[in-house]
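Asker: Dropping the structure in here first, questions after.
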Amino acid sequence: MAGGGASGSKRGGGGAGGKKKFYSTLNTKSKAGSFKAGIENKTAGILISCAQGKETKAATEIRNWLKEIADRLYGPEEAAEEADTKDGDVEKALQAELDGLKKERREWRFQQVLMKSDSMIYFKTIAPVNPVEVVTELMESVLKTGSKRSRHCIRIIPIQETCYASVEEISKVVSKLAKPVFDVDGDETVIKWALVQKVRSHAALTGEMLIESIPGLIPKRHKVDLTTPEVCIVVEVVKTTACISILRNFKRFKRFNLRSIWDDMHPDEKAAIEAEKAAKKKERSARGEEVWRTGKKFDGKAKKGKGVEAEADDDSDDDDEEVEASTKNGSKRGADEEGVEDDDAKEEDHRDKRVKEDVKEDVAE
(Lines of atoms letter the chains of each structure in order from A; the text may use other names.)
(Lines give C-alpha, C1' and ligand atoms only; values in the text may rest on other atoms or scores of the structure.)
Protein backbone atom coordinates (compact mmCIF):
# COMPACT_ATOMS: atom_id res chain seq x y z
CA MET A 1 0.00 0.00 0.00
CA ALA A 2 2.85 2.33 0.80
CA GLY A 3 4.33 1.75 -2.58
CA GLY A 4 1.01 2.47 -4.25
CA GLY A 5 0.59 5.72 -2.31
CA ALA A 6 4.02 6.91 -3.33
CA SER A 7 3.30 6.06 -6.91
CA GLY A 8 0.03 7.96 -6.83
CA SER A 9 1.69 10.98 -5.29
CA LYS A 10 4.38 10.99 -7.93
CA ARG A 11 1.87 10.57 -10.71
CA GLY A 12 -0.19 13.44 -9.36
CA GLY A 13 2.76 15.82 -9.35
CA GLY A 14 2.77 16.12 -5.56
CA GLY A 15 -0.82 17.38 -5.43
CA ALA A 16 -3.17 16.75 -2.52
CA GLY A 17 -4.61 13.26 -2.46
CA GLY A 18 -2.43 12.16 -5.37
CA LYS A 19 -4.83 13.67 -7.92
CA LYS A 20 -3.55 14.09 -11.43
CA LYS A 21 -3.01 17.56 -12.83
CA PHE A 22 -5.14 18.17 -15.89
CA TYR A 23 -3.13 21.16 -17.02
CA SER A 24 0.42 21.80 -18.13
CA THR A 25 2.78 24.70 -17.52
CA LEU A 26 4.69 26.37 -20.32
CA ASN A 27 8.29 25.32 -20.61
CA THR A 28 10.06 28.60 -20.03
CA LYS A 29 13.57 27.17 -20.17
CA SER A 30 15.84 26.59 -23.11
CA LYS A 31 19.43 25.53 -23.51
CA ALA A 32 20.29 29.19 -23.93
CA GLY A 33 18.53 30.30 -20.74
CA SER A 34 15.17 31.56 -19.56
CA PHE A 35 12.49 32.73 -21.97
CA LYS A 36 10.56 35.85 -21.05
CA ALA A 37 6.80 35.32 -21.20
CA GLY A 38 5.50 37.82 -23.75
CA ILE A 39 6.98 41.04 -25.11
CA GLU A 40 7.31 43.65 -22.38
CA ASN A 41 6.19 47.22 -22.99
CA LYS A 42 8.72 50.09 -23.06
CA THR A 43 11.59 47.84 -24.13
CA ALA A 44 13.78 47.57 -27.23
CA GLY A 45 14.51 44.44 -29.20
CA ILE A 46 14.67 42.62 -32.52
CA LEU A 47 11.61 41.13 -34.23
CA ILE A 48 12.25 38.24 -36.62
CA SER A 49 9.98 36.36 -39.00
CA CYS A 50 10.92 32.86 -40.08
CA ALA A 51 9.65 29.75 -41.84
CA GLN A 52 6.72 28.15 -40.02
CA GLY A 53 7.79 25.31 -37.78
CA LYS A 54 11.44 26.42 -37.86
CA GLU A 55 11.28 28.89 -34.97
CA THR A 56 13.74 27.00 -32.75
CA LYS A 57 16.37 26.55 -35.46
CA ALA A 58 15.96 30.13 -36.64
CA ALA A 59 16.37 31.46 -33.09
CA THR A 60 19.62 29.54 -32.61
CA GLU A 61 21.01 30.75 -35.94
CA ILE A 62 20.23 34.40 -35.41
CA ARG A 63 21.18 34.48 -31.70
CA ASN A 64 24.73 33.37 -32.42
CA TRP A 65 25.03 35.86 -35.26
CA LEU A 66 23.72 38.74 -33.16
CA LYS A 67 26.10 37.90 -30.31
CA GLU A 68 29.09 38.01 -32.65
CA ILE A 69 28.08 41.44 -33.97
CA ALA A 70 27.41 42.82 -30.47
CA ASP A 71 30.80 41.57 -29.26
CA ARG A 72 32.46 43.49 -32.11
CA LEU A 73 30.48 46.67 -31.46
CA TYR A 74 30.42 46.73 -27.65
CA GLY A 75 33.09 44.25 -26.57
CA PRO A 76 32.50 40.71 -25.28
CA GLU A 77 30.01 40.02 -22.52
CA GLU A 78 31.61 39.73 -19.08
CA ALA A 79 31.48 36.24 -17.62
CA ALA A 80 30.42 35.65 -14.04
CA GLU A 81 33.23 36.18 -11.58
CA GLU A 82 34.88 33.02 -10.30
CA ALA A 83 33.97 32.07 -6.75
CA ASP A 84 36.64 32.41 -4.08
CA THR A 85 37.28 28.98 -2.54
CA LYS A 86 40.47 29.76 -0.62
CA ASP A 87 38.74 29.52 2.74
CA GLY A 88 37.60 26.02 1.91
CA ASP A 89 33.90 26.83 2.36
CA VAL A 90 32.47 24.89 -0.58
CA GLU A 91 28.89 25.83 0.24
CA LYS A 92 29.63 29.56 0.10
CA ALA A 93 31.59 29.12 -3.10
CA LEU A 94 28.70 27.24 -4.71
CA GLN A 95 26.20 29.90 -3.65
CA ALA A 96 28.44 32.66 -5.01
CA GLU A 97 28.70 30.85 -8.32
CA LEU A 98 24.91 30.42 -8.52
CA ASP A 99 24.40 34.10 -7.74
CA GLY A 100 26.86 34.97 -10.50
CA LEU A 101 25.02 32.79 -13.01
CA LYS A 102 21.68 34.37 -12.09
CA LYS A 103 23.15 37.84 -12.50
CA GLU A 104 24.69 36.89 -15.83
CA ARG A 105 21.35 35.54 -17.10
CA ARG A 106 19.54 38.75 -16.15
CA GLU A 107 22.13 40.80 -18.02
CA TRP A 108 22.27 38.77 -21.23
CA ARG A 109 22.29 41.13 -24.18
CA PHE A 110 19.73 39.16 -26.18
CA GLN A 111 16.88 37.63 -24.17
CA GLN A 112 14.48 35.53 -26.19
CA VAL A 113 10.79 36.11 -25.54
CA LEU A 114 8.25 33.29 -25.55
CA MET A 115 6.00 34.10 -28.52
CA LYS A 116 2.54 32.63 -29.05
CA SER A 117 2.53 33.50 -32.75
CA ASP A 118 3.74 31.10 -35.42
CA SER A 119 6.75 32.13 -37.50
CA MET A 120 7.70 34.97 -35.14
CA ILE A 121 10.75 35.35 -32.86
CA TYR A 122 11.58 38.26 -30.56
CA PHE A 123 14.76 39.10 -28.67
CA LYS A 124 14.67 41.77 -25.99
CA THR A 125 17.95 43.71 -26.04
CA ILE A 126 19.79 44.97 -22.96
CA ALA A 127 21.99 48.09 -22.84
CA PRO A 128 24.45 48.95 -24.25
CA VAL A 129 23.00 47.10 -27.25
CA ASN A 130 21.27 49.36 -29.78
CA PRO A 131 19.08 47.09 -31.97
CA VAL A 132 19.22 49.49 -34.93
CA GLU A 133 23.04 49.48 -34.88
CA VAL A 134 23.25 45.70 -34.57
CA VAL A 135 20.76 44.91 -37.34
CA THR A 136 22.25 47.57 -39.62
CA GLU A 137 25.67 45.97 -39.15
CA LEU A 138 24.14 42.57 -39.93
CA MET A 139 22.51 43.79 -43.16
CA GLU A 140 25.68 45.58 -44.25
CA SER A 141 27.68 42.38 -43.73
CA VAL A 142 25.26 40.46 -45.97
CA LEU A 143 25.58 43.10 -48.69
CA LYS A 144 29.36 43.03 -48.36
CA THR A 145 30.01 39.28 -48.14
CA GLY A 146 26.98 37.80 -49.89
CA SER A 147 26.55 35.34 -47.03
CA LYS A 148 23.36 35.34 -44.97
CA ARG A 149 24.42 32.70 -42.38
CA SER A 150 20.79 31.85 -41.65
CA ARG A 151 18.66 29.39 -43.52
CA HIS A 152 15.33 29.98 -41.81
CA CYS A 153 15.20 33.70 -40.88
CA ILE A 154 13.36 35.98 -43.30
CA ARG A 155 12.90 39.53 -41.94
CA ILE A 156 15.02 40.96 -39.11
CA ILE A 157 13.54 44.24 -37.86
CA PRO A 158 15.16 46.36 -35.13
CA ILE A 159 12.61 47.63 -32.60
CA GLN A 160 13.31 50.89 -30.78
CA GLU A 161 10.38 50.73 -28.37
CA THR A 162 7.35 48.57 -27.60
CA CYS A 163 3.99 49.58 -26.15
CA TYR A 164 0.42 48.42 -25.68
CA ALA A 165 -1.28 48.06 -29.05
CA SER A 166 -3.74 50.95 -29.05
CA VAL A 167 -3.89 54.03 -31.26
CA GLU A 168 -3.27 56.30 -28.27
CA GLU A 169 -0.17 54.46 -26.98
CA ILE A 170 1.28 53.94 -30.46
CA SER A 171 0.85 57.65 -31.23
CA LYS A 172 2.77 58.59 -28.06
CA VAL A 173 5.72 56.38 -28.96
CA VAL A 174 5.78 57.50 -32.61
CA SER A 175 5.76 61.17 -31.54
CA LYS A 176 8.68 60.58 -29.18
CA LEU A 177 10.77 58.66 -31.73
CA ALA A 178 9.91 61.06 -34.58
CA LYS A 179 11.00 64.27 -32.83
CA PRO A 180 14.80 63.82 -33.20
CA VAL A 181 14.33 62.75 -36.84
CA PHE A 182 11.66 65.08 -38.24
CA ASP A 183 11.56 68.04 -35.84
CA VAL A 184 15.14 69.13 -35.22
CA ASP A 185 15.30 72.79 -34.14
CA GLY A 186 16.53 75.08 -36.92
CA ASP A 187 16.61 72.31 -39.51
CA GLU A 188 14.19 72.91 -42.37
CA THR A 189 15.26 69.87 -44.39
CA VAL A 190 12.38 68.11 -46.12
CA ILE A 191 12.38 64.37 -45.54
CA LYS A 192 10.52 61.85 -47.68
CA TRP A 193 8.88 59.29 -45.43
CA ALA A 194 6.46 56.36 -45.47
CA LEU A 195 4.42 54.40 -42.95
CA VAL A 196 4.96 50.63 -42.93
CA GLN A 197 2.44 48.87 -40.71
CA LYS A 198 1.27 45.32 -40.13
CA VAL A 199 -1.35 44.19 -37.62
CA ARG A 200 -1.40 40.53 -36.57
CA SER A 201 -4.01 38.80 -34.41
CA HIS A 202 -5.67 41.91 -32.95
CA ALA A 203 -9.44 42.05 -32.55
CA ALA A 204 -9.91 45.83 -32.35
CA LEU A 205 -6.91 47.57 -33.93
CA THR A 206 -6.66 47.76 -37.74
CA GLY A 207 -4.11 49.03 -40.22
CA GLU A 208 -6.56 51.65 -41.44
CA MET A 209 -6.70 53.16 -37.95
CA LEU A 210 -2.91 53.58 -37.95
CA ILE A 211 -2.92 55.07 -41.45
CA GLU A 212 -5.45 57.68 -40.30
CA SER A 213 -3.75 58.62 -37.02
CA ILE A 214 0.03 58.58 -37.59
CA PRO A 215 0.50 61.06 -40.51
CA GLY A 216 -0.84 63.90 -38.36
CA LEU A 217 2.08 63.40 -35.96
CA ILE A 218 4.71 64.33 -38.58
CA PRO A 219 5.45 68.01 -39.40
CA LYS A 220 3.67 68.97 -42.62
CA ARG A 221 6.78 70.16 -44.45
CA HIS A 222 7.90 66.53 -44.81
CA LYS A 223 6.50 64.62 -47.77
CA VAL A 224 4.97 61.16 -47.93
CA ASP A 225 6.75 59.05 -50.55
CA LEU A 226 5.83 55.38 -50.75
CA THR A 227 8.26 54.65 -53.61
CA THR A 228 11.60 56.04 -52.45
CA PRO A 229 11.27 57.04 -48.78
CA GLU A 230 14.34 58.19 -46.86
CA VAL A 231 12.77 57.26 -43.54
CA CYS A 232 10.14 54.65 -42.70
CA ILE A 233 7.94 54.60 -39.62
CA VAL A 234 7.56 50.88 -38.89
CA VAL A 235 4.71 49.65 -36.70
CA GLU A 236 4.48 45.88 -36.22
CA VAL A 237 1.54 44.79 -34.05
CA VAL A 238 1.71 41.27 -32.60
CA LYS A 239 -1.47 40.57 -30.63
CA THR A 240 -1.58 43.15 -27.80
CA THR A 241 1.92 44.57 -28.32
CA ALA A 242 3.09 47.19 -30.81
CA CYS A 243 6.74 47.14 -31.93
CA ILE A 244 7.80 50.54 -33.28
CA SER A 245 10.86 51.96 -35.05
CA ILE A 246 11.83 54.84 -37.31
CA LEU A 247 14.37 53.44 -39.75
CA ARG A 248 16.55 54.55 -42.63
CA ASN A 249 17.74 52.28 -45.48
CA PHE A 250 14.42 50.45 -45.47
CA LYS A 251 14.37 50.07 -49.25
CA ARG A 252 18.12 49.46 -49.52
CA PHE A 253 17.84 46.58 -47.07
CA LYS A 254 14.82 45.21 -48.97
CA ARG A 255 12.46 45.88 -46.04
CA PHE A 256 15.09 44.27 -43.79
CA ASN A 257 14.42 41.02 -45.62
CA LEU A 258 17.45 38.74 -45.45
CA ARG A 259 16.24 36.41 -48.19
CA SER A 260 15.46 39.21 -50.63
CA ILE A 261 18.95 40.68 -50.24
CA TRP A 262 20.56 37.28 -50.79
CA ASP A 263 18.32 36.47 -53.77
CA ASP A 264 19.23 39.72 -55.52
CA MET A 265 22.93 39.00 -55.00
CA HIS A 266 22.71 35.38 -56.22
CA PRO A 267 20.25 35.30 -59.17
CA ASP A 268 21.72 32.10 -60.65
CA GLU A 269 21.53 30.20 -57.37
CA LYS A 270 18.02 31.52 -56.79
CA ALA A 271 16.96 30.27 -60.24
CA ALA A 272 18.47 26.86 -59.48
CA ILE A 273 16.61 26.68 -56.17
CA GLU A 274 13.33 27.64 -57.82
CA ALA A 275 13.88 25.02 -60.55
CA GLU A 276 14.54 22.37 -57.91
CA LYS A 277 11.37 23.34 -56.04
CA ALA A 278 9.35 23.16 -59.28
CA ALA A 279 10.78 19.70 -60.05
CA LYS A 280 9.90 18.42 -56.58
CA LYS A 281 6.39 19.84 -56.90
CA LYS A 282 5.95 18.14 -60.27
CA GLU A 283 7.24 14.86 -58.82
CA ARG A 284 4.80 15.03 -55.89
CA SER A 285 1.97 15.77 -58.30
CA ALA A 286 2.91 12.78 -60.46
CA ARG A 287 3.02 10.53 -57.41
CA GLY A 288 -0.42 11.70 -56.32
CA GLU A 289 -1.79 11.09 -59.80
CA GLU A 290 -0.28 7.57 -59.81
CA VAL A 291 -1.90 6.78 -56.45
CA TRP A 292 -5.27 8.08 -57.66
CA ARG A 293 -5.06 6.14 -60.96
CA THR A 294 -3.92 2.78 -59.62
CA GLY A 295 -5.10 2.91 -56.02
CA LYS A 296 -1.60 1.80 -55.01
CA LYS A 297 0.34 3.77 -52.43
CA PHE A 298 3.76 5.03 -53.40
CA ASP A 299 6.47 3.26 -51.45
CA GLY A 300 9.95 4.76 -51.21
CA LYS A 301 11.71 7.68 -52.82
CA ALA A 302 12.64 8.18 -56.43
CA LYS A 303 15.92 6.60 -57.43
CA LYS A 304 18.71 8.90 -58.53
CA GLY A 305 19.00 9.30 -62.26
CA LYS A 306 15.42 8.20 -62.95
CA GLY A 307 12.44 10.33 -63.70
CA VAL A 308 8.91 9.93 -62.45
CA GLU A 309 7.83 8.09 -65.61
CA ALA A 310 10.62 5.52 -65.27
CA GLU A 311 9.75 5.07 -61.62
CA ALA A 312 6.12 4.41 -62.50
CA ASP A 313 7.19 1.79 -65.08
CA ASP A 314 9.36 0.04 -62.50
CA ASP A 315 6.43 -0.11 -60.12
CA SER A 316 4.09 -1.54 -62.75
CA ASP A 317 6.48 -4.46 -63.43
CA ASP A 318 6.01 -5.64 -59.87
CA ASP A 319 2.20 -5.59 -59.91
CA ASP A 320 1.80 -9.33 -60.49
CA GLU A 321 4.27 -10.19 -57.75
CA GLU A 322 2.50 -7.85 -55.31
CA VAL A 323 -0.92 -9.34 -56.12
CA GLU A 324 0.42 -12.85 -55.61
CA ALA A 325 2.10 -11.91 -52.35
CA SER A 326 -1.00 -10.14 -51.07
CA THR A 327 -3.14 -13.21 -51.94
CA LYS A 328 -0.83 -15.50 -49.99
CA ASN A 329 -0.72 -13.09 -47.09
CA GLY A 330 -4.49 -12.82 -47.19
CA SER A 331 -4.85 -16.61 -46.97
CA LYS A 332 -2.42 -16.73 -44.07
CA ARG A 333 -4.25 -13.92 -42.30
CA GLY A 334 -7.54 -15.77 -42.75
CA ALA A 335 -6.11 -18.89 -41.13
CA ASP A 336 -4.63 -16.87 -38.31
CA GLU A 337 -7.94 -15.11 -37.69
CA GLU A 338 -9.75 -18.47 -37.46
CA GLY A 339 -7.19 -19.63 -34.90
CA VAL A 340 -7.72 -16.47 -32.88
CA GLU A 341 -11.50 -16.97 -32.90
CA ASP A 342 -11.06 -20.57 -31.61
CA ASP A 343 -8.81 -19.34 -28.81
CA ASP A 344 -11.36 -16.67 -27.85
CA ALA A 345 -14.13 -19.27 -27.68
CA LYS A 346 -12.04 -21.57 -25.47
CA GLU A 347 -11.18 -18.70 -23.15
CA GLU A 348 -14.85 -17.72 -22.86
CA ASP A 349 -15.84 -21.33 -21.96
CA HIS A 350 -13.08 -21.38 -19.34
CA ARG A 351 -14.38 -18.14 -17.78
CA ASP A 352 -17.95 -19.51 -17.65
CA LYS A 353 -16.70 -22.65 -15.93
CA ARG A 354 -14.83 -20.61 -13.33
CA VAL A 355 -17.91 -18.47 -12.61
CA LYS A 356 -20.04 -21.58 -12.04
CA GLU A 357 -17.43 -23.01 -9.65
CA ASP A 358 -17.31 -19.73 -7.69
CA VAL A 359 -21.12 -19.72 -7.38
CA LYS A 360 -21.09 -23.32 -6.06
CA GLU A 361 -18.44 -22.40 -3.48
CA ASP A 362 -20.51 -19.40 -2.31
CA VAL A 363 -23.63 -21.57 -1.93
CA ALA A 364 -21.65 -24.20 0.00
CA GLU A 365 -20.40 -21.56 2.42
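Using the three backbone atoms N, Cα and C, a Cβ is placed for every residue, glycine included.
Pasting the relevant annotations from TrEMBL:
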COMPBIAS  285-309  compositional bias 'Basic and acidic residues'
COMPBIAS  310-324  compositional bias 'Acidic residues'
COMPBIAS  337-346  compositional bias 'Acidic residues'
COMPBIAS  347-365  compositional bias 'Basic and acidic residues'
DOMAIN    164-246  domain 'THUMP'
REGION    276-365  region 'Disordered'
Asker: Where does the mean pLDDT land for the domain 'THUMP' (164-246)?
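Answerer: Mean per-residue confidence for the domain 'THUMP' (164-246): 94 out of 100.
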Asker: Based on DSSP, tally up the residues of the domain 'THUMP' (164-246) by helix, strand and coil.
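Answerer: Going by DSSP assignments, the domain 'THUMP' (164-246) contains 26 helix, 26 strand, 31 coil.
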